[in-house]
Amino acid sequence: MVAVEFKVSESGRPRPEKNPKLGFFVYLLGSAAIIGGFLFGYDTSVVSAAMLYVPEAPGLKPMGTVWKEVIVSITPGMAAVGAWFSGAGSDRYGRKPIIIGSTLIFVCGAVICAVAWTKIVMLIGRIFLGVGIGFASMVVPVYLGEASPTHVRGTLVSAFAMMISFGQVVANIMGGVFSYWEPYTIGWRLMFAFAGIPALIQFVCFIFLPETPRWLYENGHTEQAEQVLEKIYGGNTEWIEYELAEIKTYAEERQKQMEEEKKSGPVIWRILKTPHVLKACFIGSMLQAFQQLAGINTILYYTADIIRSAGIENYHTIIWISVILSICNLIGPFAPMFFIEKLGRRKLFLFSCAGVVVSLVLIGVSFLLVGNDSAPNFDRSAYLLAGNYQSNGEAESCLMLSNCDSCVTSEHCGFCEDSETRTGFCLPVDHNDVTLYSSTGLCTNGLDKSNSSFPNATSYVWQKHHCTTSYTILPIVMMGVYLLTFSCGFTSLPWVLNSEFYPMWARSTCVSISTLSNWVFNLIIALTYLSLTHAITKYGAFWLYAIFTIIAFIFIYFLVPETTGYSIDEVEMLFMNKRQRNIAMQARQAKLDAASDKDKNSSTSLSTETITM
């Protein structure tokens with residue numbers, strides 16, 4: 001099937017040949033808007049570094065696995081809620097008020113997290129940040145699409161996406177910087193507080209920026225819409241008239257759609273009754289779900305925790321390694337920009353998918369090697385000989401674990417290791433200070449850990465989060481490979497394909513449904529990672545993500561069509577059966593014939609006028 005190239009716009013007016021000059025106003029508008037992407041990336045990633053210190057902060061400890069998962073995952077969970085309601089809110093009140101509201105929510109969330117004195121207060125702050133992210137993720141791209149010059153809209157929307165990755169890099173950098181300033185009492189608070197600065201900058205900028213001309217026009221403010229267009233296009237009359245015609249045509253089409261809805265019911269019911277659109281919506285939603293089931297936000301939200309479990313002890317080193325990994329995630333998306341039109345969506349998606357499967361399998365293998373290489377756990381009889389033994393249920397369950405790696409994976413246990421022989425005991429933690437002491441055995445608080453009565457024992461070191469291993473570098477390198485292969489296709493292609501799959505009347509609703517799918521599975525993955533590692537081990541968790549991605553590969557191979565080079569009408573036909581496609585093609589041909597006859601009549605009329613003159 002050959003793509004149809006349209007020389008004129010939807011309004012029927014030819015697009016001006018010469019692009020307008022970009023003035024200061026456009027640069028200010030674009031720069032202020034994409035700060036929303038930066039805040040999105042920063043506030044979802046800063047938790048990785050901060051959670052090295054928050055669980056041991058005064059007033060917030062002890063913090064078990066469930067609390068850690070909830071504090072991390074509540075933000076994407078509330079982002080789903082914020083994104084769902086922001087669409088209707090921006091249609092009713094305007095894009096600008098919602099963006100200003102999101103900046104204030106970002107500031108409140110940053111301040112609440114920074115001053116949090118209990119786990120509940122921290123949770124409230126993370127809820128605020130999630131709502132702000134939800135608002136920004138939905139409304140800022142719409143604002144950019146409606147308030148920027150036509151020829152740079154794609155660039156600015158892409159810049160918003162890139163700023164998400166840039167925000168993730170900066171979050172790790174600031175985590176590294178602030179980790180040197182009393183991290184357990186002040187440093188982690190500064191990590192959260194820093195996000196308030198760009199949020200305030202965006203707030204101040206948007207006080208002076210206008211509402212989008214499209215929203216103004218659709219809500220009866222025609223004169224104001226023209227004034228905004230004059231600022232955007234620097235007084236270029238040709239472009240202003242063109243854009244006004246586009247907005248008018250869109251408004252008329254939307255009015256027709258609303259009238260159609262009154263006759264046929266809500267769009268969602270029309271989707272359910274239209275098999276090929278329902279099929280496209282299902283495929284689009286599954287692509288968003290698979291993006292999350294591939295484990296990307298496990299890597300991004302728990303970067304520091306994963307690096308620590310690979311055997312890195314120094315927290316500063318952990319955070320700076322996180323910076324390098326986040327840079328991998330930043331540079332990967334440049335690949336689609338160069339190859340997506342040459343290779344096509346399917347090939348690039350399948351390549352990215354295959355790379356993710358291989359890297360997830362290798363991450364799992366790496367952690368299997370780390371586990372097998374970690375210090376063995378002495379049996380119970382050796383523990384009794386060591387002294388300072390108190391028998392209880394927790395101690396018995398910890399002693400049953402095989403080695404250091406399985407021991408530190410449990411939130412109730414830690415490893416008391418002989419620093420010379422790399423052997424030791426898996427002991428229950430001291431809940432007053434889980435990172436420093438065990439509740440019984442040779443690593444209890446106040447006990448001299450030298451014990452000459454125990455063979456080969458000199459000094460015991462308490463390990464709560466990591467084990468000494470020769471394979472530390474392997475999981476870290478494989479995480480870098482994972483981020484590169486994931487970001488070169490899996491990051492952007494679910495969004496690209498969802499923007500192409502649907503007819504105009506169903507696009508907004510179907511994209512909202514698929515976006516909700518993304519956020520819901522984001523929440524599920526973020527909420528279950530730590531519990532999953534306890535239940536099936538770290539390597540088991542990554543192999544499970546690999547299985548999901550293999551299913552995604554099969555799904556894409558058999559069900560996702562190639563959309564490169566096809567028009568919107570042609571893409572819609574790709575989801576139809578043969579009978580539906582024939583009917584659609586006949587209707588489309590009739591429409592093209594009618595348009596051709598209209599053009600001929602216009603040409604004849606023009607020729608007559610020329611002769612008369």
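Glycine is no exception: its Cβ is also placed from the backbone N, Cα and C atoms.
On a predicted model such as this, the values are computed, not experimentally measured, just so you know.
The compositional bias 'Polar residues' annotation in Swiss-Prot covers 602-613.
The N-linked glycosylation site annotation in Swiss-Prot covers N372 (among others), and the record cites sequence analysis as its basis. Just so you know, the Cβ of N372 (N-linked glycosylation site) picks up 12 other Cβ atoms within 10 Å once every protein chain is counted.
Residues or ranges marked as N-linked glycosylation site by Swiss-Prot: N451 (among others).
The N-linked glycosylation site annotation in Swiss-Prot covers N456 (among others) and is backed by sequence analysis.
The feature region 'Disordered' is assigned by Swiss-Prot to 594-613.
The feature topological domain 'Cytoplasmic' is assigned by Swiss-Prot to 1-21 (among others), with a curator's inference given as support.
Within its own chain, the topological domain 'Extracellular' (43-69) has Cβ neighbours under 8 Å at 75-76, 106, 109-110, 116-119, 122, 126, 129, 132-133, 167-168, 171-172, 174-176, 179, 183-185, 187-188, 191-192, 194-195, 297, 300-305, 308, 315, 318-319, 322, 326, 411, 431-435, 526-531, 534, counting only residues six or more beyond its boundaries. Annotated topological domain 'Extracellular' per Swiss-Prot: 43-69 (among others), in sequence order.
The DSSP breakdown of the topological domain 'Cytoplasmic' (91-96), given as helix, strand and coil counts, is 5 helix, 0 strand, 1 coil. Among the features that Swiss-Prot reports, topological domain 'Cytoplasmic' is placed at 91-96 (among others), with the record citing a curator's inference.
Summarised as a single figure, the pLDDT of the topological domain 'Cytoplasmic' (141-157) averages 81. The topological domain 'Cytoplasmic' annotation in Swiss-Prot covers 141-157 (among others) and rests on a curator's inference.
With DSSP states grouped into helix (H, G, I), strand (E, B) and coil, the topological domain 'Extracellular' (179-189) comes out at 7 helix, 0 strand, 4 coil. Feature annotation from Swiss-Prot assigns topological domain 'Extracellular' to 179-189 (among others).
Taking DSSP states H, G and I as helix and E and B as strand, the topological domain 'Cytoplasmic' (211-279) has 56 helix, 0 strand, 13 coil. Summarising the annotation, Swiss-Prot assigns topological domain 'Cytoplasmic' to 211-279 (among others).
Positions annotated as topological domain 'Extracellular' by Swiss-Prot: 301-317 (among others). Below 8 angstroms of C-beta separation, residues 44-45, 47-49, 51-53, 72-73, 172, 175-176, 179-180, 183, 325-326, 366-367, 370, 408-409, 465-469, 471-472, 474-476, 479, 526, 529-530, 538 of the same chain, each at least six residues beyond the ends of the topological domain 'Extracellular' (301-317), sit close to that stretch.
Within the chain, the topological domain 'Cytoplasmic' (339-347) has long-range Cβ neighbours (under 8 A, six or more residues past its boundaries) at 493, 496-497, 556, 560-564. What Swiss-Prot records for 339-347 (among others) is topological domain 'Cytoplasmic'.
What Swiss-Prot records for 369-472 (among others) is topological domain 'Extracellular', and it gives a curator's inference as the kind of evidence.
For the topological domain 'Cytoplasmic' (494-515), residue counts in helix, strand and coil come to 19 helix, 0 strand, 3 coil, using DSSP. As annotated by Swiss-Prot, topological domain 'Cytoplasmic' applies to 494-515 (among others).
Annotation source Swiss-Prot lists topological domain 'Cytoplasmic' at 561-613 (among others).
Against the transmembrane segment (22-42), stretch 190-210 shows more Cβ pairs under 8 Å than any other of 97-117, 190-210, 280-300, 348-368, 516-536.
The stretch in closest packing with the transmembrane segment (540-560), judged by the count of Cβ pairs under 8 Å and taken from 190-210, 280-300, 318-338, 473-493, is 280-300. Note on the topological domain 'Cytoplasmic' (91-96): residues 139, 142-143, 146-147, 206, 209-212, 215, 219 of its chain, located 6 or more positions outside it, place their CB under 8 angstroms from a CB of the stretch. Between the transmembrane segment (473-493) and the transmembrane segment (280-300) there are 3 or more Cβ pairs closer than 8 Å, counting only residues 6 or more apart in sequence, so the two stretches are in contact.
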